[in-house]
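Q: According to Swiss-Prot, the record shows the following:
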| type | residues | note |
| --- | --- | --- |
| MOD_RES | ALA2 | N-acetylalanine |
| DOMAIN | 8-43 | domain 'EF-hand 1' |
| DOMAIN | 44-79 | domain 'EF-hand 2' |
| DOMAIN | 81-116 | domain 'EF-hand 3' |
| MOD_RES | LYS116 | N6,N6,N6-trimethyllysine |
| DOMAIN | 117-149 | domain 'EF-hand 4' |
Amino acid sequence: MADQLTDDQIAEFKEAFSLFDKDGDGCITTKELGTVMRSLGQNPTEAELQDMINEVDADGNGTIDFPEFLNLMARKMKDTDSEEELKEAFRVFDKDQNGFISAAELRHVMTNLGEKLTDEEVEEMIREADVDGDGQINYDEFVKVMMAK
């Protein structure tokens, strides 16, 4: 399934994988998965985290390595309920629930994920997505960016 991904997608997933793989050992544990999910405002139980890992843990060793992670991401991209997932993701970024993602909100979420971005980098991310030029990202703009990945 991962063989349908472009080089760009694989590179992007490698970056995401390293955000999860806090200790850099090449595997994502339930603890690391939990840390990242909580930084995104989710609150999964230990059992839910284990289920998520078991879902993609092909070799049954209790952790997710990069090839397993790629398969998970390829599956997620094919999921038809991605509309709901996009809304959920948008809500994570849109802290004040005003229907827009501001530079401050974007910076906040990226910082929680351990990505220290300069003001310039945050502004650049907003500019790339901001079709109507109002300085923030609305839901339609967010969907365009997420679907273009």
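Backbone N, Cα and C atoms are what each Cβ position is placed from, and that goes for glycine too.
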Q: Under the DSSP assignment, what numbers of helix, strand and coil residues are found in the domain 'EF-hand 4' (117-149)?
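A: Breakdown, helix to coil: 21 helix, 2 strand, 10 coil.
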Q: Six or more residues beyond either end and a Cβ under 8 Å away: which residues meet both conditions relative to the domain 'EF-hand 4' (117-149)?
A: 9, 12, 86-87, 89-90, 93, 99-103, 106-107, 110-111
Q: Write out how many residues of the domain 'EF-hand 1' (8-43) are helix, how many strand and how many coil, based on DSSP.
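A: Breakdown, helix to coil: 23 helix, 2 strand, 11 coil.
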Q: Roughly where does the domain 'EF-hand 1' (8-43) sit in mean pLDDT, to the nearest integer?
A: 86
